[in-house]
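S.K.: I am attaching a structure below and will ask some questions about it afterwards.
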Amino acid sequence: MEDMIFYDRLQFAFTITFHYLFPQLTMGLSLIIVYFKWQYLRKKVEKFNDAAKFFMKIFAINFTMGVVTGIPMEFQFGTNWAKFSELTGGIIGQTLAMEGTFSFFLESSFLALFIFGEKLMGQKLHFLTGFLVFLGSWASGYLILATNAWMQHPVGYEILENGTFVLENFSALFSNPWLFPAFLHNQAASVVTSSFVVASIGAFYILNNRDVEYGKLFLKTGVVIGLVSSLLVAFPTGDWNAKNVAKYQPAAFAAMEGIFETEHAGSEIVLIGQPNMVEKKLDNKIAVPNVLSFLTYGRWDAQIQGMDQFEEDVLPDNVPALYYSYHIMVGLGTIFIGVMGLAVLFLLLGKLYKIKSLLWGIMFLFPFPYIANITGWYVAELGRQPWLVYGLLRTSDGVSPTVSSGNTLFTLIGFVGLYILLGLLFLVLVGKTIHQGPKPQIH
Amino acid sequence: MEVFWYIIIATVLAIFFILDGYDFGAGIIHLFFAKTEKDKVVIAKSAGLFWDSNEVWLVAGGGLLFMAFPIFYASVFSGFYLPLIIVLWLIVFRAIGLEFRGQFDFQMWKDIWDKAFGVSSLLLALFFGIALGNVVRGVNLGSTSNGVSLHEGHYFFLPLWDSSFSPLSDTPGVIDWFTLIIGVITVVALAIHGANWVILKTESSINTKLKSVIFNLNITLTALTILSLVVWLKINPEAMDNFYDKPYFGIFPLIYFIGVGGLFFVKKFKKDVYPFILSTLVILGGITATLASIFPVILPSTNDINESLTIYNTATSDYGLSVAVYWGIIGFTLLIFYFIIQKRLLGGKIDHMDYGH
């Protein structure tokens, strides 16, 4: 049984990690595209319109990738996690079906109109189609987060005698206290990814001394939105989420913060250290006393439960991975604020476009928000272990009863091979679009 | 309530097969009939511009199935594990073919991705048909062996094939000669549908020739349909009972045969849209007639121990089904609205359409 779960989990982790490379860009990018289009309507300067259309091309490539890697996500609930689907489909089926109905149709219909319909519709309607694409992609994020929030902190359900969860209160799914902070945190983080990509492409054009006017526009927009969104990710949204984890999933909180032992006079915050699961301590630890207690409860001496307070079978099953994911996310988030703060400072001083080293730094920074976003999701998902539905349904009880691990490994290998090909395609397409540049093509 | 959601989901899936069906069909036509570069480009484009918005219907259908009939969803998706994952791979691979093709102006490159697009379209049509065949034939629910169920009665696992390749086997696989016939019927029907789409949306040089192709394929389709019905009635004499009990179900096969019959006049129509409507009827009628023949069962059991899955024993709670009606009405109203806007703005031939124009 253990082996079976391992490949099922690995396959889900792999396919969802790959899938989430794309939506995290499209959600944030759609907002930036709406901003460019709006600037064009206000100022009637062509470069804003070109920018909106250029990034919509990149959006479209990412959207396509999101669709083809998203279909397997939905199918895998049934194929690999059949028992989970059977027991909870009456609840999470609602939010997933709503995602299909409300957001994908909106996104795909108006994306086509935005790309092909500018001349037919006129500028105001063109702006509206862009706005509807944005609305569709954020609705999608909202409904997926609502699904995940229910798994993290189940509400509005009733459990029947045979173990099936049935819906008792539909609106509770949307007033879930887990949902709102998680949604805002996730969306802000997605804006970080897209603004860093926009800034990176801008820096690329400036450093190559081509399309410099566009480069400056992208860089300026990217760093300003990048700074704002990086700040929002940390405070207040990140703070809210950490408090939610401490409140609803104390075992996960202890593990992600690396608190092995309960300290009665207030917990330290760990900056660096490696979890040693044999001796139950952190090796090479650097920590600041009492800060974690203050950040979590607003009191320096508040007690935080350490991992010693929990039975083995309710602690996350991979503490080191959870701990590292969390620390990588937080560490990168802090660096983002620093770099973007510096960039905005030089922008205000009017020197940003001339400082080559900073431009190089910004250009190569774009992969890191992807890492921060992905590790952020690892924190949520590893922290939820060993549960699928927190406190109620164990991961080991959700797997498909009839699918053997041999079959799962076979399909996992297939997905890896296919996604490598897909990744290459993606790089070629985006590379080509950037190479062609934001200037309107003349036919 | 169960019946209501069953109809909605069947409709969404039928729309998916009608819409994605034409781009699968375009892929099949592309594979066998497109010879010049110009034709290859426009036929690939007639699929390439629309496939992703068409596949959104699959996502919607899957989500609704998950919501309304979770036990069925869990049972079928895990039971048909391998064929489903292979379908997913083909969907991804086809997308790669379509999107990669135009990236480099190099003959061998284009040939490779043309084949990828064509072959995966063909295989997808075949697999979807085989899936439909499996739903009619039924599976060994509970994986029974010598009168004992190895799993809960609503779970099963089907290998891709069983060495006998026979639907009469105690442990039939996904592919047997019966499901294969249904698969081939689907390929032929979608090829006709795709050819109609190509004629409707493009000015390819093979449009006239495609009309003869449609005519010939339609003869094949008629012959195979009759063959499959005869064979299936031989194996399962009660197969048509639903149509005797509820004569109004006869509307579904009627839709199918109106479509097939009408397509024999493909060369006579003045407007390209008429044959496309007829092949739409073929797909709509084919799917609905198949589902109606086993209603309210949605997956028959081939053993006597575990009962067949029906819309009643696989549905979620009444509360869940009713609350979804409210958002469903809003959602589908919006959907029809988007569809009308899109068709009004982006109708017509696609030969000269390109990103940014």
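Positions of Cβ are set from backbone N, Cα and C atoms, glycine also.
Keep in mind that TrEMBL annotations are predicted by a computer and have not been checked by a curator.
Straight from TrEMBL, here's the annotation block:
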TRANSMEM  B:6-34  transmembrane segment
TRANSMEM  B:80-96  transmembrane segment
TRANSMEM  B:116-136  transmembrane segment
TRANSMEM  B:177-200  transmembrane segment
TRANSMEM  B:212-235  transmembrane segment
TRANSMEM  B:247-266  transmembrane segment
TRANSMEM  B:273-299  transmembrane segment
TRANSMEM  B:319-341  transmembrane segment
S.K.: Checking distant contacts: for the transmembrane segment (B:212-235), what same-chain residues at least six beyond its ends satisfy Cβ-Cβ under 8 A?
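M.R.: Contacts of the transmembrane segment (B:212-235) (Cβ under 8 Å, skipping residues fewer than 6 from its ends): 29, 33, 136, 167-168, 178, 181-182, 184-185, 188-189, 191-192, 195-196, 256, 260, 263-264, 266-267, 275, 282.
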S.K.: Counting only residues 6 or more past its boundaries, what in the same chain has a CB within less than 8 Å of a CB in the transmembrane segment (B:80-96)?
M.R.: 27, 51-52, 55, 113, 116-117, 120-121, 123-124, 127-128, 130-131, 134, 157-160, 174
S.K.: Short question: which residues 6 or more past the ends of the transmembrane segment (B:116-136) have a Cβ under 8 Å from it?
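M.R.: Result: 17, 21, 23-28, 30-32, 44, 47, 80, 83, 86-87, 90-91, 93-94, 96-98, 100-101, 158, 174-175, 178-187, 190-191, 232, 239, 287, 290-291, 293-294, 298-300.
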S.K.: Which sequence-distant residues neighbour the transmembrane segment (B:177-200)? Criterion: at least 6 residues beyond either end, Cβ under 8 Å.
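M.R.: Non-local partners: 18, 21-29, 43, 46, 122, 125-130, 132-134, 136-137, 165-167, 206-207, 210-211, 213-214, 217-218, 220-221, 224-225, 227-228, 231-232, 235, 263, 272-273, 275-276, 278-280, 282-283, 286.
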